[in-house]
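Asks: Structure below; questions to follow.
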Amino acid sequence: MTELTRIPLAGVIGSPIAHSRSPALHGYWLKRYGLKGHYIPMDVAQADLRDVLAAMPRMGFVGCNVTIPHKESVIGLADIVTDRAALIGAANTLIFGKDGKIHADNTDGTGFTANLRQNAPAWQPQSGPAVVWGAGGAARAVIAALIEVGVPEIRLANRSRARADALRSDFGAKVHVHDWVQAGNILEDAMTVVNTTSLGMVGKPEFRVPLDALNPKAVVTDLVYAPLRTRLLVEAEAAGCRTVDGLGMLLHQAAPGFERWFGVRPEVDEETRAAVLAT
């Protein structure tokens, strides 16, 4: 075996993939820590997913990140699925074992809580209800994480009521579903507020939920990070809230996979953030 074939490969699979910041992030960490390795973005069509996953270990890949639209599909293709990935119903991190088995995990929830703990140090999730807007895959990861850290109640609103009801049936009595027209009315006394929808993202409709009932003691975070300062965060900051943008979640969710693939737990700090924003 040559030296070249021993260099670990990782990557991110999705479609489209050109927008992903993951290659810049992992490339920065590899350079920062002086590690041998490569991180490669791959545009993979749904029809090719099974064949690509089967081929990657033979090509020297030790694992990969997974993004839209494959996060749910890879659950059924993995040999071993962590409990949290099974609960969420999606995986964003794959590890290719030396035994040939594919291990699937979901680090979105831990990335979410790590981002809040780093950038809102006074955040106390047990101190009051949480409001979550959206009921997609990101919302599932966030709700699982909020339950794990002890949030007493989760008020969920989504533009499709049926999706929110399905999510409640999976996560249990702590989740209370509200119609989307009530999205602003469920803010009273909430201590954590999370937008998991694409509203406010570049190229998407603007976020227009009224925030009059927002608790100024709440921590407000938006998973959207393009733009970094969304309308929600600007208005919440004006109301006196501590606000946290969505870029930190992307950075923190990436760290566990990088450690598994390349053997070093990377720091998520201002230098990391600046390197990703510069791309």
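Cβ atoms are placed via backbone N, Cα and C, with glycine included.
These came from Swiss-Prot, pasted as-is:
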type	residues	note
BINDING	S20, R21, S22, T67, N92, D108, Y225	shikimate binding site
ACT_SITE	K71	active site, proton acceptor
BINDING	D83, G134, A135, G136, G137, A138, L223, G246	NADP(+) binding site
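Structural setting of the listed features?
Replies: The C-beta environment of R21 (shikimate binding site), restricted to residues of the same chain at least 6 apart in sequence and closer than 8 Å, consists of L250, V276, T279. For the recorded site, R21 (shikimate binding site), the DSSP three-state label reads coil.
Taking a C-beta cut-off of under 8 Å and a sequence gap of six or more, K71 (active site, proton acceptor) has these contacts in its own chain: A90, A91, N92, G137.
Packing around G134 (NADP(+) binding site) is summarised by its Cβ count: 25 other Cβ atoms lie within 10 angstroms of its Cβ, all protein chains included.
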Asks: Y225 (shikimate binding site) to A138 (NADP(+) binding site): how many Å between their Cα atoms?
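Replies: Each residue's Cα considered, Y225 (shikimate binding site) and A138 (NADP(+) binding site) end up 14 Å apart.
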Asks: How many Å separate the Cα atoms of G134 (NADP(+) binding site) and D108 (shikimate binding site)?
Replies: 15
Asks: So what sits near S20 (shikimate binding site) in its own chain, CB-to-CB under 8 Å and at least six residues off in sequence?
Replies: V12, G14, P41, T67
Asks: What is the number of other Cβ atoms found within 10 Å of the Cβ of A135 (NADP(+) binding site)?
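Replies: Around the Cβ of A135 (NADP(+) binding site), 26 other Cβ atoms lie within 10 Å.
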Asks: Could you give the Cα-Cα distance between A138 (NADP(+) binding site) and S22 (shikimate binding site), in whole Å?
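Replies: So the alpha carbons of A138 (NADP(+) binding site) and S22 (shikimate binding site) sit roughly 17 Å from each other.
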